[in-house]
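One structure is given below, encoded as structure tokens.
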Amino acid sequence: MKGSVAFASLVAASVVSARTFTVTNSCGYTIWPAIFTDLNVGSAIPDQPTGWEAPAGSSVSFSVPDNWTAGRIWPRTQCDFSSNPGPNSCVTGGCNGGLECDPHTGTGVPPATVAEFTLSGGGTTDNYDVSLVDGFNVPITVTNTVGCDIPSCPTDLNPTCPSELSVADPSGKIAGCYSSCKANLDGNPANSPNCCSGDFDVPATCPSSGVAFYDASSRFISPIPFFKKACPNSYAYPYDESSGTALWYCDSSKNADFTITFC
């Protein structure tokens, strides 16, 4: 009898400690969402396959442990896993493993807009963001049920993506936009102000002013907003926390549920 009571208490505790995540595809086309957990950092994983097909207008909800650490969710576009499944099966965001991303190496191939999460970080705080560090492919907004801040990149950057950053699909339409780092504009990613690497590997030597296209694209007669200006509540380069609108926090005791919306 005591064992039954103890088991029931354990089940109740596990229910309380889980969050509900919902991934909604509000785009007018199919998305193949992907999930990756850095298992070198934490072992808690969501109760959901690491990849699935999401038709336009669909939503999927699943449980996520409230100590999920170094997790990411992102959209993959124009995928075909029928032959040679792997990172090149999608025009943007593909991963090792095919439809379901490999749990150890399936981080996703840039360009991709990424929602990142560490729940109960330090035991007290949910940390989350929408990252453009790997570039952009689909607009993302991350909402929650407890009134905490909302990171987002709601603007479609593909139509105005500079040619040196753009990725086209087989029809020639722009399907994604690399960050200046992932596009290797410096020619040396190991020592790059765009990547904050080498001589530029600390915030003092890697200010946002040295990152190409951080604020705007100047390929037009009048510069247009890009990355940070177009999506001010996103994480636009490796040291963007100094902007105050890159990394977001929520009291983990509120047990927030999160919704990741594409488009």
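Placed from the backbone N, Cα and C atoms, the Cβ positions cover glycine too.
Remember, TrEMBL labels are computer predictions, not curated facts.
For Cys90, the disulfide partner named by TrEMBL from the candidate list Cys79, Cys101, Cys148 is Cys79.
When TrEMBL is consulted, the disulfide partner of Cys148, picked from Cys231, Cys250, Cys263, turns out to be Cys250. Between Cys231 and the candidates Cys101, Cys153, Cys161, TrEMBL records a disulfide bond only with Cys153. Of the listed cysteines (Cys161, Cys181), only Cys161 is recorded by TrEMBL as the disulfide partner of Cys177. Cα-Cα distance from Cys161 (disulfide bond) to Cys90 (disulfide bond): 19 Å (rounded to the nearest whole number). Across the fold, the C-alpha of Cys231 (disulfide bond) and the C-alpha of Cys206 (disulfide bond) stand 20 Å from each other. Proximity to Cys181 (disulfide bond), defined by a C-alpha to C-alpha distance within 10 angstroms, is shown by the following disulfide-bonded residues from Cys79, Cys196, Cys206, Cys263: Cys196.
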